[in-house]
Ligand code: GLN
Ligand code: ZN
């Protein structure tokens, strides 16, 4: 046994990969479009990696202690692991090189699909808005160590004089997140293959050791989650097995020292299991999870990497409070304590300095990735040299915290009085039967009413007008005229096709959350605050920093203008409180419940105004309701309570004859049936086409009483559905549930599609609906 190298006193679990100006996105998309070569993209990526290393050194992470993570990815870290272990699905077998590797074009094809070969499925990464590519593992999948990128990137950094710490998804998480290949026996689970996978990880570790790596980071977030398919006992056993093979049987110096990181939650029962293995360091998320309060057997020989700096939100840390947490960790009896982030920093933007137009006071409260690295460095110094050494920084951080606490707008008595004085009535509408009757009379819709989810294609002209307006090249009046012209086109199209409940098409919205953030008090938006959502896609979350209220109506003019063009009912279109929270950076100084209720009251005012203006149907989208569901089952009830209540608070101020719709972007109706029922919406549209509307069965089985619009076609694909296939789906649905419960609509909004696909698809939907109506 060789001596364990010391873990760096401070480190971060990962860093943004996309580049401060989305350089990687642009390079990769140019490559996909055939505008650049693989070599050019590789060169951009290498330059970006070098810049990241240099920046991290500048910010105070040492060059030679493995403090700097090597955690680059062209698309997704789980796909990268798939490439390392060679688990490429059979349909892409022809893309694999003679040596088993994927070149950049092949790697991109596995991520994006080609023709009839569907890409790997994409799913949300724990409780974040990042999406990973799901490995497909079957009894026959072969594993071999073929992907040498982690080693190549380590060597590249070393040649620059930087000793990095390679980061890879750990073997337990890799299999826990995988799905079984189609045709695998029903009792097969990917985790069954652990012992075939481990030798490949062992090969990789040997190779990294030979290249000179001192530490490797294996990310095992599956260990904090109860929301994955593997039973907890199985997961714990797999953990013990995996690290017996990788840490004990593969002894040092054949491998680097192992740092197992567990971001996004509390390790719970997995901590003693990991502590009982021979890994050299364990990382805890001490922002979402709690620190153990007594000694953990086994930890005395390991480094505890305390993730006290929040990797998932953007608020500057209260360094004094964090230092106290670090000092109190002594009771756990770890061999050493190092300072870390709770998660990788790729969930936050690069640098607050890139936001010169943000209010300077607000900016002084924020820490993006670069500021967080500096916080880690400071805390590490405080922990090893004592408080005095970082006296100045502690004071500065305390000042920022105090400024935030007392700044105007953060706590507004008039907002607090409203949320504090809510009675139970504010969360409840009258009986559904009564509403149903009143709405039927007012709306007078045919059986199987048809509608869309809200947005129509965002054409290049719309984007151009928005950009020109942003730059001041179009006046407000000119911009409004352009949007109204678009609304007229969209209304005419819907009338010609024969839809029953029309929408305005959302041309004025850049994004369904940012649009509302720009129009509500308590929010700010960034210019360069991009974070990766999946692959090359990025979003720019808004910052919810203060008490929320609505200075003036937001959608009322657009909606009433639309209604003035048609005698059909026009559906008002709002984003719900839970989704606004889920897709923003939300203040961390009060319970989410309070923040959600503030947003809900602002929306409630908007809904009241829409109703007063004569709008009879109002949709409040909650596509993120499922996304924020906590990873631990014990936390579900509280979440579902506040999230459902905030939706009800937003929507229950209306008359019985005003119809409330909601839209959910996933098909797991059965899983959160209770919550969907709790929303008490009159009509719920939900994704269903990819599962051939199987959810209609769930709805029937559950005896769900209100109306539903299971999507009849998949808008995520450019494919135009045929009249026959929609007719067949509808015929089946009409047999399964009551006629007056069923609406007809696509799976989701149409903004990412083109008119070439949208128009014939909607036409087919209408022809099919009429055919089924004729049989009634
Ligand atoms: N109303 C939104 C739209 O149609 C809903 C989008 C969503 O569910 N993500 O675009
Ligand atoms: Zn949707």
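In case you wondered, yes, glycine gets a Cβ from its N, Cα and C as well.
Listed features, source TrEMBL:
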type: ACT_SITE; residues: 716; note: active site, proton donor
type: BINDING; residues: 22, 23, 24, 25, 124, 129, 537, 538, 583, 627; note: 5-methyltetrahydropteroyltri-L-glutamate binding site
type: BINDING; residues: 453, 454, 455, 506, 621; note: L-homocysteine binding site
type: BINDING; residues: 453, 454, 455, 506, 621; note: L-methionine binding site
type: BINDING; residues: 663, 665, 687, 748; note: Zn(2+) binding site
type: BINDING; residues: 663, 665, 687, 748; note: Zn(2+) 1 binding site
type: DOMAIN; residues: 11-330; note: domain 'Cobalamin-independent methionine synthase MetE N-terminal'
type: DOMAIN; residues: 448-770; note: domain 'Cobalamin-independent methionine synthase MetE C-terminal/archaeal'
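Locations of recorded TrEMBL features on the structure.
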residue: 453; record: L-homocysteine binding site; CB count, 10 Å: 26
residue: 454; record: L-homocysteine binding site; CB count, 10 Å: 26
residue: 455; record: L-homocysteine binding site; CB count, 10 Å: 22
residue: 506; record: L-homocysteine binding site; CB count, 10 Å: 25
residue: 537; record: 5-methyltetrahydropteroyltri-L-glutamate binding site; CB count, 10 Å: 12
residue: 621; record: L-homocysteine binding site; CB count, 10 Å: 25
residue: 663; record: Zn(2+) binding site; CB count, 10 Å: 27
residue: 665; record: Zn(2+) binding site; CB count, 10 Å: 20
residue: 687; record: Zn(2+) binding site; CB count, 10 Å: 24
residue: 716; record: active site, proton donor; CB count, 10 Å: 14
Count of other CB atoms lying within 10 Å of the CB belonging to residue 748 (Zn(2+) binding site): 26
Proximal but sequence-remote residues of the same chain as residue 124 (5-methyltetrahydropteroyltri-L-glutamate binding site) (Cβ under 8 Å, at least 6 apart): 130, 131, 627
Spatial neighbours of residue 537 (5-methyltetrahydropteroyltri-L-glutamate binding site), counting only the binding-site residues 453, 454, 455, 621, 663, 665 and Cα distances within 10 Å: none
Binding-site residues near ligand 2 among 22, 537, 583, 665, 748 (Cβ under 6 Å): 665, 748
Chain-internal residues, separated by at least six, CB under 8 A from residue 24 (5-methyltetrahydropteroyltri-L-glutamate binding site): 17, 18, 44, 45, 48, 74, 536
Chain-internal residues near residue 583 (5-methyltetrahydropteroyltri-L-glutamate binding site), provided their CB is under 8 angstroms and they sit 6+ positions away: 129, 513, 539, 541, 542, 624
Recorded positions near residue 663 (Zn(2+) binding site), in sequence order, restricted to 22, 453, 455, 506, 621, 716 and a 10 Å Cα cut-off: 453, 621
Where residue 24 (5-methyltetrahydropteroyltri-L-glutamate binding site) sits in the secondary structure, as DSSP reduces it to three classes: helix
Those recorded positions in 663, 665, 716 whose CB falls under 6 A of ligand 1, listed in sequence order: 663, 665
Among the 5-methyltetrahydropteroyltri-L-glutamate-binding set 22, 23, 24, 25, 124, 129, 537, 538, 583, 627, as the record gives it, the longest Cα-Cα distance in Å: 28
Tertiary neighbours of residue 22 (5-methyltetrahydropteroyltri-L-glutamate binding site) (same chain, Cβ under 8 Å, six or more apart): 530, 538
